[in-house]
Amino acid sequence: MGLEKSLLLLPLLVLVLGCVQPSLGKESSAMKFERQHMDSEGTGSSPTYCNQMMKRREMTKGSCKPVNTFVHEPLADVQAVCSQEKVTCKNGKSNCYKSSSALHITDCHLKGNSKYPNCDYKTSNYQKHIIVACEGNPYVPVHFDASV
């Protein structure tokens, strides 16, 4: 009797796992933003910061990402930008917001002679306003548009 129940429940289990599984490994836009742009604990002060972080945050897999910015502020402060000054995004969309104050950021630029898989970055630290695109519910950053 136990075996019959197990055999009857197996197709149901397969069906449920088939529906749930595809979403398990999928990184949301908000999670991708955090992985690619947030470093609340860091300062970016080391000359090798960008080389280390770009690799650690998986932005040198398959190719070298040419430019990236890390924000060294609490996540809540960056999320709050989504309720600050509304501006037009570089792509013309209207879901971008500019921070009301300058934030501590690190820009990483791929050096001209650098070739994959040896991605070599120039590290530059700034205090600048950031512009982020926001989406979702809750309304959170999903794209780093610029720093000004």
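Glycine residues also receive a Cβ, built from the backbone N, Cα and C atoms like all the rest.
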Check for me: which candidate out of Cys19, Cys119 does Swiss-Prot give as the disulfide partner of Cys64?
Cys119
Cys50 pairs with which of Cys108, Cys134 in a disulfide, per Swiss-Prot?
Cys108
Consult Swiss-Prot and report which candidate among Cys82, Cys89 shares a disulfide bond with Cys96.
Cys89
Disulphide pairing with Cys134 per Swiss-Prot - partner from Cys19, Cys82:
Cys82
Cα within 10 Å of His37 (active site, proton acceptor) - qualifying recorded positions among Asn68, Thr69, Lys90, His143:
Asn68, Thr69, His143
Taking the recorded positions one at a time (Cys50, Val67, Cys108), which has its Cβ surrounded by the most other Cβ atoms within 10 Å?
Cys50
